[in-house]
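First comes the structure, then the notes that go with it.
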Amino acid sequence: MDTHTLIDNGILKQHLIDPEICIRCNTCEATCPVNAITHDDNNYVVRADVCNGCMACISPCPTGSIDNWRAVPVARAYTVEEQFSWEELPGELAPYELVAAGGEPATEVTALQQAPEAPAEPGTQVFRSAQYGATVPPWSAAHPYTNLFPPKNPTTATVVGNFNCTEAGFESETHHVVLDFGSMPFPVLEGQSIGIIPPGADALGKPHHARQYSVASPRNGERPGYNNLALTVKRVTVDHDGNPVRGVASNYVCDLKVGDKVQVVGPFGSSFLMPNHPRSHIVMICTGTGSAPMRAMTEWRRRLRNSGKFEGGKLLLFFGARTQQELPYFGPLQSLPKDFIDINLAFSRTPGQPKRYVQDLMRERAADLLALLRDDNSHFYVCGLKGMEEGVVMALRDIAQEAGLSWDALGGTLQREGRLHLETY
Ligand code: A2P
């Protein structure tokens, strides 16, 4: 598909992202198969000359901010620089403005409604892990509520707990923060996320936009039966290049005190959801705070198991961190029964030990993962560092292929059936 399918009589149906609703979660940029989406500190934007209208980014977007289109004369398409400066979307051009620019107003551009890009044919493309990430939930997932409180209409939660869930005194520090919504309904499912709006303004004097965090507690509350939820937040003290920086939102959240009020938006996400049918297996692969949804799913399965009324399948966890001391929830993980969850920890910076990543451990457990890859009841969840995603999906691919399975067929099935979920940042 090329850009011409978006153009009708000199009018471009330009793909735009609504800056007022976008929570800057990077999902669209990570999903776009042609690299049409980019961002600066202010906005996520779409390059008009690169976007081919394939729609792959539309359903993964947790807020719907991605699904905006404006008819503009081709020669007057909004530039990336213009979009970076926006605080809201421009209005539609009047028909006379379009005609004056040499085009007929487009009533409909049907070619836009294309299916997301299909997984690659063997040997035709470089490996792109994102194409195997599902945009639909597992068939047995519960129905999620989304956008009950959009960025224009946040609600207020009260902090009822905040503690360091890594060992004190280490370079990186991760907090377990519990928010209570009182009598305000705020239903969430494991795998969904919420946004927190830090108070104050950015360097340009504009209010901060919401930062997205995965929910770390199960559907019936961090404390069962309470209208509360937990988050797993790492204090950001260095940027991607290792230079010192004070992350605005993460430091705000990590410093919250019991009783503080927080502005919350959400819930978001409708595909990274757990299966609910008996004997369904869950393979969880994460690094650092990517453990939040895994904790939520594990805890829900643990509560179901304790109820004695649900027969769960296998739970397999691959969890990576620099050291044992910096792995969130290391202590609580140790107390989970061995016949309930199979835990594999990869430490990359333990003095005197070789560097180990989650994908290394997955390859060591190839026989068990192969059995799960062959089973339609298996669901795979990947959450954490962007850099890990490719290595993890490649490990799954290699495990399948070494056993003579076609990864192109299997990866495509996992994607279509909502059984391989990728959430990396
Ligand atoms: P590393 O020691 O190489 O940074 P963090 O604490 O920064 O959130 O990282 C979580 C873990 O993920 C660390 O052990 C980190 O190792 C590891 N990691 C970094 N890059 C990758 C990658 N490409 N694949 C798998 N794990 C990775």
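Cβ atoms are placed via backbone N, Cα and C, with glycine included.
Sequence-distant neighbours of the domain '4Fe-4S ferredoxin-type' (13-42) (same chain, 6+ residues past either end, Cβ-Cβ under 8 Å): 6-7, 48, 50-54, 56-57, 60-66, 68-72, 77-78, 80, 83-89, 106, 109, 112, 117, 128, 130-131, 133, 150-152, 193, 195, 202, 209-212, 265, 268, 386, 423-425. As annotated by TrEMBL, domain '4Fe-4S ferredoxin-type' applies to 13-42 (among others).
The DSSP breakdown of the domain '4Fe-4S ferredoxin-type' (44-71), given as helix, strand and coil counts, is 0 helix, 7 strand, 21 coil. Feature annotation from TrEMBL assigns domain '4Fe-4S ferredoxin-type' to 44-71 (among others).
The domain 'FAD-binding FR-type' annotation in TrEMBL covers 152-274.
Sequence annotations record features per position, and here TrEMBL assigns NADP(+) binding site to SER214, LYS234, THR289, SER348, ARG349, LYS355, GLY384, LEU385, GLU423. In the three-state DSSP classification, THR289 (NADP(+) binding site) falls within a helix.
GLU423 (NADP(+) binding site): 26 other CB atoms within 10 A of its CB, across all protein chains. Secondary structure of the domain 'FAD-binding FR-type' (152-274) per DSSP, as helix, strand and coil residue counts: 7 helix, 46 strand, 70 coil. Among the binding-site residues SER214, THR289, ARG349, GLU423, residues whose Cβ is positioned under 6 Å from ligand 1 are identified as ARG349.
The average pLDDT for the domain '4Fe-4S ferredoxin-type' (44-71) in the predicted structure is 88. Here NADP(+) is bound by SER214, LYS234, THR289, SER348, ARG349, LYS355, GLY384, LEU385, GLU423 per the record. The longest Cα to Cα distance in that group is 27 Å. Proximity of SER214 (NADP(+) binding site) to non-local residues of its own chain (separation of 6 or more, Cβ distance below 8 Å) is seen for GLY191, GLN192, SER193, LEU231, THR232, THR289, GLY290, ALA292, PRO293, ALA296, CYS383, GLU423, given in sequence order.
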